[in-house]
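Worksheet: one structure, shown below.
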């Protein structure tokens with residue numbers, strides 16, 4: 001221990017002594033590396049080092065190995081310092097230049113986009129000036145040589161036009177900085193135009209090639225002209241190359257001017273009118289359909305300025321809306337108005353700008369313009385825009401209205417409701433129709449259905465709701481504004497446009513606050529409205545209106561379509577009538593709670609068919625388990641069987657429909673047709689030929705409409721049979737002309753099963769009692785927020801989102817009048833196989849279920865052997881103990897065997913000669 005300590009001390013002293021000397025430690029370490037054999041002088045500790053190396057310390061060999069790994073340093077070069085100096089200066093210069101350009105780039109990003117576009121335009125003007133001097137004059141120096149090399153070499157003889165083109169692009173960027181959408185079109189058009197023109201010039205100058213020298217190419221079409229024409233001339237010759245280049249030139253000209261081919265005559269005529277060559281056509285003044293005083297009236301304050309903290313409301317009217325949107329959207333949101341431009345002599349885009357801004361996105365998203373919008377588009381001029389700018393400057397001096405009120409705000413929001421089409425005076429098909437035989441059938445007249453009044457338009461209640469919505473957005477600091485609304489019969493949908501970087505969830509999260517503000521519990525938010533960049537808020541109207549069935553059936557669209565399965569449904573939230581073709585659905589599920597309007601919808605469907613179709617066109621099967629809903633239609637000639645009220649008979653009727661479907665498909669397959677319409681048309685044309693010797697008489701198949709008023713009752717009585725029949729019909733019956741209408745007021749999963757939903761693509765949901773019921777019908781929420789009395793959501797086949805509509809209504813008096821007219825025309829002709837098939841159905845006990853065959857075999861075995869044993873049934877019938885015990889219990893309940901006596905066999909109560917009667921009872925044939 002002492003020796004180790006002394007060794008360490010000596011090593012420390014030896015290490016300290018060289019530090020005190022004149023030679024540094026680095027020099028001392030470098031010397032042994034160059035001459036390892038030379039021992040260090042005047043170092044007594046180093047002399048003792050070999051003795052210490054022999055000790056078991058093992059530290060000296062490690063130091064020796066480390067000293068061998070250190071490479072020798074090269075001798076300093078006299079030019080190394082200069083190299084490092086030049087390299088450092090070059091890298092420093094590179095970093096400095098990069099930092100300068102990065103700083104310029106960051107500064108450019110911080111500039112206003114308008115300034116960046118102005119800078120680009122000025123840069124193009126500068127380039128145009130340099131190119132003009134280089135091409136139009138004999139500019140000497142490096143710049144002139146570069147211009148001659150690039151411009152003249154590329155464009156050839158047309159290099160004089162390049163400065164004009166570049167300068168024109170720069171001027172356009174200055175005049176129209178907010179219209180970048182046309183830049184791509186202009187670039188494509190100018191490229192095609194340059195290729196076509198330069199190619200023709202090159203061919204006209206003799207098509208010089210590279211072998212003729214660069215001067216010859218420059219004196220022709222330049223490098224661009226050579227590249228455009230040389231491949232065509234080489235492959236096709238000049239005869240075909242020139243027409244192709246002419247077509248390319250015309251295409252480029254049309255693209256630059258945004259002129260389609262079919263609009264060339266109109267554009268030439270307009271150019272002639274502008275140049276005074278052609279006289280302008282006379283256009284008579286249009287008759288306005290609204291009050292002229294509306295435009296001249298002073299607009300009232302409507303809503304506070306956006307992006308403000310909650311506080312006293314600031315007035316908001318149409319003119320200020322225009323200026324605000326012009327500042328926010330710019331010229332890119334404007335739509336052209338050709339008529340306004342022709343009248344005022346201005347650019348159509350500029351003329352329509354104020355009208356598009358007043359709507360704030362409503363017209364821009366595809367809505368047809370209302371008369372107010374037409375007036376704005378027609379009469380807005382440059383003076384109107386100047387007046388808007390003046391009013392914006394005086395915005396601070398406007399009076400402050402009350403925070404909430406009906407008359408204080410909302411007057412500037414446009415009403416975007418579609419004008420309802422005028423009903424036709426003539427019915428769709430009121431002529432006498434000749435049926436088979438000598439029967440003449442007259443369709444009911446439309447006069448049997450009452451006319452409704454004109455639809456309600458904008459009211460003070462709508463303005464009050466707009467003001468309330470604006471207040472809610474201002475109070476919760478949401479950058480959103482009401483840009484328009486569409487009024488329906490039951491609800492009004494208010495369109496809300498969001499500001500930049502505002503999430504849609506901010507509007508949906510305010511659903512309860514909006515309901516509180518408008519004092520309505522039923523508020524439905526659509527985010528977004530299909531086909532629009534806006535969020536819809538549907539709020540019930542305080543003054544609802546009725547939609548009459550007669551108004552829907554009197555439409556021109558309904559009168560012009562003779563399809564017998566076209567039915568009227570109602571009126572949507574945008575003011576348009578809703579009609580549907582049951583043959584295209586092809587099946588529909590109608591669901592809703594009590595009082596929601598489901599029965600009225602069924603009445604409208606049946607009445608629509610009776611008014612538009614003859615009994616030879618459509619036959620119906622009506623299932624009414626309630627016994628009171630469809631009794632008014634008893635005895636109409638369209639029925640194929642009396643109205644079915646017994647659920648068991650309804651299940652049998654559905655089975656008959658399945659058999660009828662199979663028979664129709666047999667005929668379609670036998671005669672080679674894919675749809676019943678083609679088969680009927682071929683029969684009427686006499687193109688279907690029966691095989692020789694056949695006594696069958698072919699007649700067109702009518703459409704078969706099966707209406708089930710309450711599906712839940714049928715599913716309770718015979719769920720398996722009803723579901724199987726419905727699934728088969730909905731899967732296969734479309735081409736056979738059979739269509740189902742399933743109605744229920746309890747849309748639970750055990751009534752509307754997954755198989756039924758998968759095969760019934762069209763849905764009509766009225767008000768439901770829960771969210772779960774809405775998801776069963778529509779596969780999405782929404783029906784639980786409907787307000788009842790015909791308010792529904794219609795989801796046709798292929799649609800992603802349902803359409804909110806008010807169902808049509810037909811009174812009992814109207815139904816009775818139509819039914820009586822049909823009864824007077826013709827008596828019903830029922831199919832015997834529907835009712836007879838129901839009576840001949842074997843009444844099998846439901847307790848037996850699917851074990852009928854096994855039970856008959858077990859009864860025959862027990863009676864014939866006179867031995868009632870459960871184990872015997874297991875052996876003979878090869879069933880398990882549970883199944884054998886159940887069969888024995890069934891035979892005991894039918895007095896075939898006696899009660900169980902433990903392990904003994906049961907007594908057989910039936911003699912072998914009574915076996916046939918017992919089997920008949922089991923099979924349900926006892927009543928025959």
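Just so it is clear, glycine is given a Cβ too, placed from its N, Cα and C backbone atoms.
Features of the protein shown, as given by TrEMBL:
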BINDING   592, 593, 594, 595, 596, 597, 598, 599  ATP binding site
COMPBIAS  21-36  compositional bias 'Low complexity'
COMPBIAS  43-59  compositional bias 'Low complexity'
COMPBIAS  60-71  compositional bias 'Basic residues'
COMPBIAS  317-330  compositional bias 'Basic and acidic residues'
DOMAIN    575-775  domain 'FtsK'
REGION    1-79  region 'Disordered'
REGION    289-344  region 'Disordered'
REGION    395-424  region 'Disordered'
TRANSMEM  119-137  transmembrane segment
TRANSMEM  149-174  transmembrane segment
TRANSMEM  240-264  transmembrane segment
Beyond the flanks of the transmembrane segment (149-174) by 6 or more, those residues with Cβ under 8 Å of it:
117-118, 120-125, 127-129, 131-132, 134-136, 186, 190, 194, 197-198, 201-202, 205, 214, 217-225
Please give me the CB contact count at 10 A for residue 596 (ATP binding site), counting all chains in the structure.
26
Once 592, 593, 594, 595, 596, 597, 598, 599 are set aside, which residues in the chain still have Cβ within 8 Å of the Cβ centroid of the ATP site?
745, 766, 767, 788
Of all the binding-site residues given, 593, 595, which has the fewest Cβ neighbours within 10 Å once its own Cβ is left out?
595
Provide the number of Cβ atoms within 10 Å of the Cβ of residue 592 (ATP binding site), excluding the reference atom itself.
29
List of residues, in chain order, with Cβ under 8 A from that of residue 599 (ATP binding site) and at least 6 apart:
629, 709
Nonlocal residues around residue 597 (ATP binding site), in sequence order (Cβ under 8 Å, 6 or more apart):
766, 767, 788, 789, 790, 791, 792, 807
Cβ atoms near residue 594 (ATP binding site) (within 10 Å, other residues, all chains):
11
Sequence gap of 6 or more, C-beta under 8 Å: which same-chain residues meet both conditions with respect to residue 598 (ATP binding site)?
590, 591, 592, 743, 745, 766
Given the model, what does the mean pLDDT over the domain 'FtsK' (575-775) come out as?
91
Assigned conformation of residue 599 (ATP binding site) - DSSP reduced to three states:
helix
